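Listed in TrEMBL:
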type	residues	note
DOMAIN	193-322	domain 'SSD'
REGION	750-774	region 'Disordered'
TRANSMEM	92-112	transmembrane segment
TRANSMEM	194-219	transmembrane segment
TRANSMEM	225-248	transmembrane segment
TRANSMEM	268-288	transmembrane segment
TRANSMEM	294-315	transmembrane segment
TRANSMEM	565-584	transmembrane segment
TRANSMEM	591-613	transmembrane segment
TRANSMEM	693-714	transmembrane segment
TRANSMEM	721-742	transmembrane segment
Amino acid sequence: IALQLFIGWTFFLIERRSFQGLATAIEYVDAIGLFYIVRASGHVGKKRLQLWEIKLLEQSEMHNFSQHFDFYLYGDQLANYEAEKGHVKTTWMLFVGVVLMFTYMVYIVRSLPFKTQASRRILIRSLSYKRRSGEMLCIDEVDNTEKMPAPFHEDYVYSKSEGTRNKGLLGERQFKEMLLLAKKALNFWNSLQVLLTFMAILSPLLACVTLFAVLGWLGVTHNSVMSLIPPLVLGIGVDDAFLLLHTWRKNAYITDGAERMSRVISDIGPSITITSLTNVLAFSVGTLSPAKVMSLFSACTAVAMALDYVFELAIFAPCLSLTLRCEQDVGVVHKSNDMHSFWWHYAKFVLSKSGRICALLTVVLLYSATFFGLQKMEATFDASKTFPVASPLKRSIDLFDVIYKQYAPINFIINSSPNFTDPNDSRNFLGMIERLESRPEAYGRERTLFWLFGYIEFCRNEFGVEMSIDSTNYSLSLDYLDRFAKSHIVGEQNLVQYHLDEKGEAVIDSFILTIIYTGKDGWHLRAQLTAEIREFLHDYAQYNITTFNYDSPIFDLITSINKELARSVVITVFSMACVCFVFVPSIVNTIAATLSILSISCSLLGMLSWLGLDLDPITMVNVLMAIGFSVDFSAHTCYHFYCYERAHRATLPYGDDADGNFIVSGNSRHAERNTSAKAEAQLNFILADTTEILAGASTVFCMLPLFTISSYVVRSFAKTVCLLVALGILHGLFIVPSLLSIELWPRKSTSKQHPTDTMSKLDGNDSNEGAPMI
């Protein structure tokens with residue numbers, strides 16, 4: 001008896017002979033695929049399976065198994081193993097990011113007006129300009145001498161103007177004391193600088209450590225994607241530290257520590273709350289992602305964001321009060337005219353007609369690039385995105401792609417079997433098969449695996465019984481089904497589930513039907529094919545058919561990503577709008593913030609397409625993160641314009657010192673000046689500039705090391721954050737101010753102001769300027 005075996009799911013890229021008469025028509029086979037289903041239960045079983053697969057992988061990389069062929073393999077445990085490699089490198093890059101963040105924070109915090117900073121400047125100038133052989137220190141050649149340490153006031157200084165000397169020359173003993181004093185002053189200044197920097201970074205890191213500790217107690221498995229949580233929380237969490245630090249310096253005129261801290265918390269508390277709450281809400285929506293890994297990542301990040309919010313207020317904020325006794329008096333605050341002039345002219349340009357035209361052109365160009373970027377973005381996903389590019393599994397994935405172009409089977413599980421003894425029911429079911437085989441992607445009846453075809457052949461060869469399923473001459477009996485199902489090949493495959501009734505006749509419960517299609521190019525087309533077939537099966541709901549493929553979970557992600565992303569974006573944006581309206585109860589400003597969020601998110605998605613990213617679950621979570629993060633930028637400008645509408649129009653007195661520096665008096669707070677609506681809008685806009693830029697730069701510094709990791713997940717994450725910062729600053733400091741200032745433009749100015757007069761309110765202490773800084 002001739003036995004026919006289907007080899008289409010084993011031999012691939014076959015070259016056939018052009019002549020007949022030989023034992024086989026196959027010339028050669030380029031690839032042979034062997035598919036194994038291994039059962040590994042429990043942690044120990046999975047660990048043994050992973051070790052076994054790793055040893056096979058190491059042997060395959062040597063390429064010396066046989067002189068006739070090389071072999072490659074792929075499995076879930078190997079994919080997890082390769083993904084863990086990327087996780088280890090991400091952890092190291094996190095350390096590098098922390099170092100960069102620490103360095104950047106030291107550079108920023110060094111500008112704090114500590115007393116020891118003035119002493120440091122005096123000592124350095126003195127030691128640099130004076131001879132060490134005993135030349136005296138001249139009080140007229142240094143500034144802020146009233147803040148010099150006590151020994152300099154009496155013993156070691158003289159005044160040229162008075163022509164008098166105190167206790168003589170700066171001798172060897174005095175010079176050594178000066179060096180010792182300088183060293184102590186520098187060390188004290190550095191210790192405060194390091195303290196604030198360390199505590200600013202400690203809060204988000206402590207939030208991450210707490211999160212992973214809780215996950216350990218709950219027994220949640222750690223995956224490679226979760227290694228992205230620390231740099232994300234660190235980049236976003238430090239923003240809150242900048243806000244607290246900026247508001248602390250803004251209220252420097254308050255000498256009482258408790259009162260000053262109370263003012264800082266009341267001012268900045270709502271701002272930190274709205275940014276933290278929106279981030280938590282955005283990642284909470286991300287838990288709806290159809291990918292379990294990304295859903296877990298979103299949930300963990302949301303918890304970490306909430307913990308960071310608590311730690312920033314409970315740890316970093318109290319540390320600011322430690323610097324109170326070391327700050328300079330704020331009666332005289334020097335500001336740079338150059339910086340003031342720059343921001344003044346920039347704000348004037350943004351709020352001008354030319355600025356609005358430039359903003360409009362920028363929006364048109366941005367949306368044009370976004371539109372074409374979205375047009376070229378495909379909804380797709382493949383397993384190679386989860387492990388490094390240099391992984392040996394990349395070669396296996398490439399081979400699978402070649403195989404899937406030729407061999408893309410779809411398994412149909414018929415849970416409610418038709419009655420094959422009923423010609424009408426059988427014809428209906430067989431008609432369904434013919435329609436599935438007639439699709440352009442199908443090979444036809446030649447590569448359809450249906451047990452009924454083998455059963456008819458089995459009855460003819462074994463028992464000489466002729467059966468037919470033709471529509472004109474239908475004749476079928478299931479009397480021999482029990483023997484057929486227990487035969488060698490069919491029995492092992494377990495293709496048919498049946499039972500014997502009381503009469504001993506076979507009754508079919510369920511069975512498997514396999515139709516082989518061409519996979520074409522890409523996962524997107526395969527997923528689309530699967531979706532179309534599922535839609536087609538709705539016409540045959542009476543058979544309760546389930547489609548199955550080993551890649552079905554990925555297909556489900558690809559086909560549902562558009563709807564899931566749209567639903568998640570709508571939910572997230574609506575939540576953000578509600579939160580914004582609670583803290584900024586203005587319809588105009590809330591609408592502007594909401595439109596800005598949508599603009600940043602859509603622009604981000606389009607720009608990511610130009611950077612080579614696809615529309616997949618990874619991008620979906622990145623976009624949801626962007627929505628929550630973009631609120632930080634939008635809320636800055638919208639909140640300040642909202643505060644402008646409520647604030648009294650008053651400015652601080654101004655004047656120039658002997659050096660030409662602009663001075664803001666911290667004690668004269670009741671002088672009033674007429675201020676135009678346009679100037680006030682400029683002022684409220686300027687109040688947000690440095691904090692927004694500094695916070696964005698800190699996030700970028702934390703993301704830079706991640707670009708060295710050759711992993712799609714990690715790099716797409718870093719690209720998203722850096723691009724988001726750029727788009728956020730563009731909207732927050734250019735597009736949104738131009739939009740919100742339209743209603744201010746018709747108002748006429750009643751007076752002209754000195755540019756530095758308006759800029760001085762950056763550090764002013766007017767009672768009307770206590771609005772929270774976002």
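Numbers here mean position along the shown chain, with the first residue as 1.
Keep in mind that glycine also has a Cβ here, set from the backbone N, Cα and C atoms.
A Cβ distance under 8 Å defines the sequence-distant neighbours of the transmembrane segment (194-219), meaning residues of its chain 6+ beyond its ends; these are 98, 101-102, 105-106, 109, 112, 229-230, 233-234, 236-238, 240-241, 245, 300, 303-305, 307-308, 310-312, 315-316, 319-320, 322-323. By the Cβ criterion (distance under 8 Å, sequence gap of 6 or more), the transmembrane segment (565-584) is not counted as touching the transmembrane segment (721-742), fewer than 3 such pairs being found.
Ranked by number of Cβ pairs under 8 Å to the transmembrane segment (225-248), the listed stretches 268-288, 693-714, 721-742 are led by 693-714. For the domain 'SSD' (193-322), the predicted model reports an average pLDDT of 82. Here the transmembrane segment (92-112) does not touch the transmembrane segment (591-613). Their Cβ atoms form fewer than 3 pairs under 8 Å, with each pair 6 or more residues apart. Below 8 angstroms of C-beta separation, residues 86, 89-90, 93-94, 96-98, 100-101, 104-105, 108, 224-225, 228, 231, 234-236, 238-239, 242-243, 384-390, 618, 632-633, 721-722, 725, 728-729, 733 of the same chain, each at least six residues beyond the ends of the transmembrane segment (693-714), sit close to that stretch. Within its own chain, the transmembrane segment (591-613) is flanked in space by residues 363, 366-367, 369-374, 376-377, 569, 573, 576-577, 580, 584, 619, 622-623, 626-627, 630-631, 633-635, 638, 716, 719-720, 723-724, 727-728, 731-732, 735-736, 739-740, which lie at least six positions past its ends and keep a Cβ under 8 Å from the stretch.
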